[in-house]
Amino acid sequence: MEAQDVPAHRGSLSVSRWYPVGTVTAGLYSDPPLGQVVAPPPGMAARLCFSVEYRHGTEQLAVSLLRLGNLPPRFHGNVTLVQLRLLPDDRRSRQAKARGTGPDPEFNDVFIFQVSVARVPASTLSVCVLSTEQDGKRRAVGRILFPLEGELGQAGRVLWRDLETEEDTQCSDLGDVQISLCYSPALQRLSVVVLRARGLQPLTDAGLQSVCVQVSLQIHTQVVKIKRSCEVTGGRDPCFSHRMTFKLRSRHLDEACLRFELLQPGGVHSEPEAILGVLVLGPFMYARGPQLQHWMDMLSTPQDTIKRWHGLGRPS
């Protein structure tokens, strides 16, 4: 096959034609290297190449991992892992390991998710790329959230998606807060650490003399516990490092959420507190995007502390 016969990389490539889905005897075929066939689009962003196909007869979603492109140099010598989940139903992730190292590691993995036709439009494919260092410590490279609605019209279409990294996250107009979560199934305990905030916006001309955080544990519509940090100074970028624990049974993990409120105390004791911004972390019932992903990452790695930045929203 000559180079001019290779199809364009943007949406026109079919996995069933170009990518080995089954077992093939080595040496029988001489197709171009995978990196040549599915060359990444222009640009320097780290990105993932994959395909999705829905099989109506068996109600299965097939996800094929092809390759990564443009990994940052600090990850080139590490083992690269990819974890996949189909939200909102999957708690436990499926995992693939790259076949090599360097900036553009390749994969040879197909994952099957059982999902009914009715559930497909409400489902989102979550992909997390991790880099494993020599000491075994894993570092997040980036993630992709890929809603399935409207994306399955062409079977086997190869897709490139940029990885969303923590550095890419833009500050919310109201500021951001850094939270860590850890759940212990053995102790039935949810541990929360409010680490710090950045870019907070004062609501009065006096500025931010002090700030505190109020955290509410909610199950369905009932608030079952409220905890509060001490007031701290630090202007628009305060440091809290405040740890809280909540008793939460495993059976309630799909029904519970955490609501964070950053509060600016009144200038005098009689004045009410002002809400600088709010954040809700929880399952699909309450959250979407990075807020949902943080909760799901916590559930899939019990005992591990999962730390993320989140933009604050306006109180409703």
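Backbone N, Cα and C atoms are what each Cβ position is placed from, and that goes for glycine too.
Just so you know, TrEMBL annotations never went through curation; they're auto-generated.
As recorded in TrEMBL:
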type   : residues : note
DOMAIN : 44-161   : domain 'C2'
DOMAIN : 173-296  : domain 'C2'
Handout entry: Structural state census, the domain 'C2' (44-161) (DSSP three-state)
Key = 9 helix, 65 strand, 44 coil
Exercise for the section: Find the average pLDDT over the domain 'C2' (44-161) in the predicted model and report it. Expected result: 89
